[in-house]
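Written out below as structure tokens is the structure these notes cover.
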Amino acid sequence: MQNETASHGINFDALGRDRQSLDLASESVELEVPGLNLFYGAKQALFDVRMNIPKQRVTAFIGPSGCGKSTLLRCFNRMNDLVDGCRVEGEIRLDGHNIFAKGVDVAELRRRVGMVFQKPNPFPKSIYENVVYGLRIQGINKKRVLDEAVEWALKGAALWEEVKDRLHESALGLSGGQQQRLVIARTIAVEPEVLLLDEPCSALDPISTLKIEELIYELKSKFTIVIVTHNMQQAARVSDYTAFMYMGKLIEFGDTDTLFTNPAKKQTEDYITGRYG
């Protein structure tokens with residue numbers, strides 16, 4: 001399969017990342033999924049998903065619309081709890097602890113596992129207050145602590161130099177790409193362990209998309225990142241590992257280079273080469 005899939009021009013080195021040899025089996029595990037099923041009412045949406053998400057790596061979920069990739073992503077911080085009729089069977093373990101166990105503090109889980117959505121969603125507040133929002137909820141109000149957190153998070157989101165002189169202006173005045181980086185700053189300000197990105201570039205122009213992709217590459221030194229994307233070129237550029245999903249099932253999961261150039265499953269090859277999807 002190698003020649004055919006490689007001929008589709010997937011560019012693995014657009015970000016200049018280190019193409020080191022990766023071995024999923026030897027990675028430290030951040031999120032463990034030993035068997036997960038999910039139902040919306042009587043309809044099953046995820047079927048016995050089993051995977052380990054490696055620590056401080058970028059894992060991409062790809063697959064056609066409706067394949068379950070965003071549904072699975074939202075399981076990792078229990079956002080599906082907010083969907084009427086949604087029911088989960090099985091476990092997801094964060095640092096060895098089942099996030100669906102009784103007594104789990106869901107608010108604390110969502111601090112540890114932050115999420116950025118498709119459309120930038122800054123609050124109608126100042127740039128500064130957007131970044132410190134989660135910290136204030138935690139009862140942190142000392143100005144020095146907040147000031148340091150704002151600078152750290154905005155630098156981490158590659159936005160500090162663009163906004164440092166207008167921190168108290170409305171976040172709604174930022175461009176779409178800047179707003180998305182602000183949302184990332186707001187998410188990392190509470191120092192999560194995992195960042196979930198649900199098609200974070202789908203509403204952005206190519207220049208803003210490149211900035212987000214470069215940011216993802218920088219952030220993985222501090223955070224475990226899981227990204228859902230419809231853009232296979234993007235998955236190839238930013239991720240270390242890629243999972244291909246189809247009709248609620250995990251078809252193939254492995255290092256990105258191998259999955260795109262020499263997939264093990266015919267379904268994966270068909271999707272990558274554009275035969276369906």
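Glycine is no exception: its Cβ is also placed from the backbone N, Cα and C atoms.
The structure displayed is predicted, hence computed values, not measured ones.
Going by Swiss-Prot, these are the annotated features:
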- 31-272: domain 'ABC transporter' (DOMAIN)
- GLY63, PRO64, SER65, GLY66, CYS67, GLY68, LYS69, SER70: ATP binding site (BINDING)
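Feature annotations (Swiss-Prot) mapped to structure.
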residue : record           : contacts (Cβ under 8 Å, 6+ apart)
SER65   : ATP binding site : HIS230
GLY66   : ATP binding site : none
CYS67   : ATP binding site : MET245, TYR246, MET247, GLY248
GLY68   : ATP binding site : LEU38, ALA45, LEU46, VAL49, MET245, MET247, GLY248, LYS249
LYS69   : ATP binding site : PHE61, ILE62, GLY63, VAL228, ALA243, MET245
SER70   : ATP binding site : PHE61, ASP198, GLU199, VAL228
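Per-residue confidence over the domain 'ABC transporter' (31-272) averages 96 (mean pLDDT, predicted model). A Cβ within 8 Å of the Cβ centre of GLY63, PRO64, SER65, GLY66, CYS67, GLY68, LYS69, SER70, the residues given for ATP, is found for these other residues of the same chain: THR71, MET245, TYR246.
It is GLY63 that, of the binding-site residues GLY63, PRO64, has its Cβ surrounded by the most other Cβ atoms within 10 Å.
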